[in-house]
Each structure stands twice: as structure tokens, then as C-alpha cells.
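All remarks here apply to the structure that follows.
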Ligand SMILES: [Zn+2]
């Protein structure tokens with residue numbers, strides 16, 4: 001979302017945490033009575049039900065990191081295995097970084113006793129599914145919608161148009177209206193989808209101001225859209241279950257002029273459509289079109305397109321697919337709902353003659369000798385070295401892909417004088433928004449006195465870029481692995497960004513400073529990053545009762561929250577197992593002054609695809625928005641956790657019941673692409689006030 005920027009101070013301090021002690025604990029997870037799983041009448045659901053008991057966790061093994069792990073803005077937290085792989089106990093250590101003044105802890109001695117943290121009997125904990133009935137599992141099929149639809153989610157226009165015809169193409173920015181009937185969460189997700197278009201293409205959107213043509217988002221029965229600019233204003237429906245970044249990306253691709261991938265002229269070369277397995281009367285959903293009608297932008301058939309149907313679409317027999325792929329490897333890929341595929345992005349950019357993405361200012365994986373136009377300052381003592389991976393010194397770009405390949409930038413701190421430094425500057429950049437996020441991977445293996453300092457060099461007002469401003473300092477610590485970092489910036493004039501490596505103590509250093517896979521976007525940085533190491537091992541050894549709770553994080557407003565990951569959730573389908581992710585509030589140091597209940601806040605969880613090219617990343621995101629819903633015993637779910645939550649003795653803090661998605665991400669997907677590069681699962685978390693999107697802005 002781009003309307004409420006609540007950035008932390010960019011010059012955040014850092015501090016190390018002592019190792020957080022771990023506690024082994026068992027939790028009972030129960031469900032409010034009456035919560036049962038109903039089978040959806042579309043595709044894979046029925047098949048899944050054979051394997052899927054109602055989501056009921058008899059006993060959970062939980063590992064929570066201890067009280068000292070509070071993190072604030074720009075916070076990063078890492079979890080790694082510290083107790084071996086016995087499948088029952090995953091260790092968390094609080095070795096993340098945070099502002100030095102934010103080390104408040106959910107510890108009895110730091111808490112106002114009236115807030116909670118007094119001993120009381122441990123109460124049962126709960127996880128809740130955002131989509132109890134799996135509404136989001138295949139929302140584009142819209143079976144049961146009474147809208148005039150053909151092909152699942154395409155609204156039949158007045159006169160059918162051919163998208164090869166350029167008169168149905170949009171001019172940017174596209175005016176939009178968010179209908180008052182839309183769910184608040186859907187509104188937030190629309191903005192997330194807009195930001196993905198801006199990051200990967202030149203497609204832009206603006207609030208409606210009386211233009212003749214526009215897109216109006218409304219909540220009707222299902223998710224659907226017309227194809228192309230109808231030039232009279234058109235509806236894009238986001239019904240229940242459509243409040244999902246990738247679903248909205250899909251519907252907007254229709255609005256921009258794209259049909260489903262399997263309706264291509266040449267589709268029979270790539271997929272088999274089993275019409276005899278399609279529910280009678282729904283065969284039209286598998287129409288294909290001539291190439292004078294739709295355009296493929298001269299690209300190959302794309303099994304990974306976000307515009308492709310899933311195998312069980314419109315089937316009459318729950319266990320028999322209607323689409324199979326000629327290349328079997330793609331059977332589990334078709335119908336993905338992660339993000340645009342590489343080909344989706346390419347076609348979109350071709351159809352609209354984009355010269356480049358709107359919000360990507362710069363990126364570099366250091367794979368080429370020109371190092372993306374970066375320069376080494378001549379005024380300093382030493383230079384960064386463009387270095388090829390070798391055994392034990394792998395770059396981040398190709399990590400785990402091939403041995404001894406890939407390049408990174410390296411500064412050795414083993415030689416030279418103390419405080420010797422090297423400055424690597426970007427080319428000159430011209431910002432359009434006054435909000436940026438510098439994301440990169442770094443590794444510090446030398447002396448504990450080594451530093452990595454992020455600078456910007458600004459236009460001094462005369463057109464000369466020379467005014468230096470220190471943005472952030474990273475200090476070496478005992479963690480010598482590749483770590484991700486986000487540095488927020490607010491630059492409104494032309495500038496360069498720069499990495500300064502500073503050697504602290506050559507006599508004790510046995511390594512140096514590494515950077516790789518940099519991107520600078522004109523987007524907001526995620527509020528929180530939670531890294532879980534050795535995740536493939538966790539997936540292999542977890543059972544349905546394995547739960548990992550994050551440390552406590554704080555939102556920019558001051559709410560404390562956590563994320564729960566169930567590495568092997570009870571949900572399975574034809575692709576195999578899934579990992580579930582859940583969000584909950586935690587009692588925190590600001591609770592006395594916070595507004596309760598914490599409603600109209602959107603929690604967004606993102607599992608990062610660590611592809612070095614940000615345009616090709618297919619990170620998967622889900623959001624929920626807090627509301628006034630009540631628990632079965634009449635309490636507000638999102639009220640103060642010390643009032644409605646249960647005491648977790650591992651952190652001596654109160655946790656609210658958690659809400660999330662048992663089907664957040666497929667294990668099949670986690671094992672491909674770059675979700676587990678370096679075997680790190682990286683989760684971005686935001687919890688932000690979206691009241692401004694609400695038609696009725698008065699707080700409850
Ligand atoms: Zn569609």
C-alpha cells in the first residue's frame with residue numbers, strides 16, 4: 001500500500017541480543033465448536049478431503065524464543081536449529097538486530113504487573129483459518145456465481161473484443177475506484193497488486209477523477225473481470241476469497257487484455273483437455289481462440305503463468321483432472337497463485353511497450369564485470385574486489401544452484417591498517433517517489449569490529465551529487481552467514497547510494513565483508529523480516545504438531561505481534577504437503593497507550609522468492625485485516641492480548657489466538673525456485689493501519 005507511509009527512522013541503531021533461551025512446551029490447540037470443514041464444490045477440494053481430516057491439532061510442540069527478543073522497525077530475526085534434528089525441537093536464538101533502545105522485553109520484571117505476566121494457568125491456544133471453507137483455493141472458477149461469465153472469471157462484454165485489437169488497450173495511469181462494498185482487506189490487497197504491477201511493468205493506476213474509462217472494484221459473487229479497456233468504465237469483482245494479491249493480479253491481467261493461458265491457439269501442443277471429464281454444460285470454459293483474436297506477444301506457452309487453470313478445474317469427478325500437461329513436470333505447476341511468472345511479466349511489458357518498471361531504480365547481482373555501473377571511490381584507502389565464488393566462499397546469487405559459480409563484492413579485513421575502508425558507489429539515480437528501500441544480502445566474517453556503512457550521496461542543490469548522508473551501520477557479529485537486509489530511505493533528489501566497508505582489527509580478522517544481490521526500489525521496506533534457517537530439514541522432520549513461533553515484533557504503530565509457522569500443516573493435495581502461516585498479537589510494552597481493539601489493521605505475510613532479479617521473483621503473499629469479530633465466549637479477537645490472550649510461559653507474555661492459512665505455501669513450491677536458497681526461509685511481515693481505505697473512517 002502506498003497511502004500510509006510510516007517509516008521508521010532510516011538511521012536505525014543495531015544491537016545484539018543475548019542468546020534467547022529456549023523452552024520446550026506443549027500446547028493444546030482446539031477449535032471453537034461448530035468449526036468444520038465444508039467441501040467446496042470445485043476441483044481439487046474433493047480429492048484433498050480424502051487425505052484431510054478436519055484441522056484439529058491434538059497437541060502441539062512449540063518452540064518460542066524467549067523474552068529478550070523484541071524487535072522494532074527494520075527488524076530482522078533469525079531462527080536456526082540449535083538442538084539437532086530430532087524432529088521435535090527447533091531452537092530459536094535472538095540474534096537479530098534492532099534499535100538499541102527497543103530492547104524492552106516481555107519479562108515480568110519489565111512489565112507493569114497489571115498488564116499481565118502474572119502467573120496463571122496456561123490456557124489452550126487456537127489457530128483459525130482465514131478461509132474456513134477454502135474459499136481462496138480456486139476463486140477464479142466462480143462456480144455458483146450468477147454473473148454473466150464465460151471461462152470462469154471473464155465477464156462477457158457488450159460486443160466481444162479481440163485483444164489483438166489495440167483499441168482495447170489502456171492508457172496509463174488507469175483510473176480506479178474502490179467500491180464501498182469491498183472488504184477492507186480486499187482494498188488493501190488491491191494496492192498490493194498495484195505495487196506489483198508498478199515494480200514489474202509500466203502499468204500504473206490512479207484514483208478516479210471523472211475519466212470516461214476506469215476500473216471499479218466491487219464485491220459481487222466471485223472474482224471476475226472483462227478483458228481489455230471497454231472504454232465506458234468497467235467492473236472488476238472481488239467477492240469473498242478474492243482478497244489475495246495473486247488473484248487480483250490475475251483479474252487485472254484480464255482487464256489489461258489477457259485471456260487464460262490454456263485458451264491459446266497452440267494449447268493442444270502443451271496440455272490435454274479432457275472434455276469428457278468436464279461438468280456437462282461447462283465445456284465452454286475450455287474454449288480456445290484464433291491468433292487473430294488473442295495475441296501471445298511472440299512468447300512460448302507458459303505452464304507457470306498466473307493465467308493458467310489448475311488440473312481439476314470444472315471437473316465432474318473429484319479425483320479426475322480436466323487438464324493434464326504434456327510435460328509431466330508441469331502438472332504441479334499449472335494454476336500457480338504465487339505471482340506473475342517471468343512470461344506474464346514479459347508479455348505485459350511487450351503489450352504495453354514498457355521501457356522499464358516504474359518503481360525499480362537499480363539492481364545488481366554483480367554477475368558481470370561492469371558491476372552495474374557501480375564505481376569505486378578514489379578518495380579512500382582500498383577497493384572492494386569483484387570476486388568469483390569458490391569453495392567456502394559462495395556468492396548469494398547462485399547459492400545452492402551451482403558450485404564455484406557466481407560473483408559478489410568482497411572486502412578483506414585481514415590485511416591493511418585498522419579502519420582502512422573502501423567505498424562502492426552506485427551510478428546516479430533519479431527518484432520519482434520520495435520513498436525507497438535498499439535490499440541486499442551481506443555476510444561479515446572478519447573481526448567483530450568490522451563495519452558495513454550504508455551512505456547516500458545527494459544533489460547539493462546545484463546539480464552536483466556530493467552531499468554525504470550516513471543511513472545505516474551494520475556491525476559484524478558471530479553470525480557469519482549470508483543475511484538479508486532492508487534499509488529504508490527517503491530521497492527526493494538525484495543521488496547515489498554507497499556501501500562502505502571498514503576493517504576493524506586486521507590482527508583478529510579471518511575474513512571480510514561481502515555484499516550481493518542488491519535492489520533499490522521505490523517501495524516501502526517490509527516492517528519485519530523473519531529468517532528461519534535449515535528449513536528443508538525442518539520440513540523433512542516436522543510432523544503435524546510441530547509449531548514454531550516467531551519472536552515478538554513491533555509494528556510501526558507499536559503493536560506487538562508474532563507469526564506462527566506450521567512447517568507441515570494438516571492440509572495436503574495432489575501436489576503433496578503444505579506449510580501453514582498464522583498471525584497473532586502479543587502483549588507488549590506499548591499496550592497501555594495503544595488503541596484496543598486493534599481493528600482495521602492489515603497483517604501481510606510474504607514468503608520471499610530469493611531470485612536475484614527482483615522482477616522475476618514470485619514471492620507469495622496473504623493478508624488478513626483485523627475486525628470486530630468475537631470469540632465464542634464473547635470477547636473481541638483483536639482486543640488487548642493481556643485481556644483476551646493466553647499466557648505463554650516461554651515468553652511470559654500473552655498471545656492472542658492466531659489466524660492464518662494452513663495452505664500458505666506448497667512444499668512442492670518451496671523446493672523449487674529460490675524460496676529456500678541457502679536453506680533459509682525468509683518471511684516479510686507487515687501490520688499496518690489501513691483505516692484510511694475504509695469508507696467509514698470513524699474508529700470503532
Ligand atoms: Zn481468469
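In case you wondered, yes, glycine gets a Cβ from its N, Cα and C as well.
Feature list (source: TrEMBL):
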COMPBIAS  1-12  compositional bias 'Polar residues'
REGION    1-71  region 'Disordered'
COMPBIAS  36-48  compositional bias 'Acidic residues'
COMPBIAS  61-71  compositional bias 'Polar residues'
BINDING   153, 250, 254, 260  Zn(2+) binding site
DOMAIN    161-355  domain 'Peptidase M12A'
ACT_SITE  251  active site
DOMAIN    362-527  domain 'MAM'
DOMAIN    525-687  domain 'MATH'
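Per-residue pLDDT, averaged over the domain 'Peptidase M12A' (161-355), rounds to 92. Separation of the C-alpha atoms of residue 153 (Zn(2+) binding site) and the residue listed as 'active site': 8 Å, rounded to the nearest whole number. Geometry remark: the residue listed as 'active site' versus residue 260 (Zn(2+) binding site), CA distance 10 Å. Around the Cβ of residue 254 (Zn(2+) binding site), 24 further Cβ atoms fall within 10 Å across all displayed protein chains. In the three-state DSSP reading, residue 153 (Zn(2+) binding site) counts as coil.
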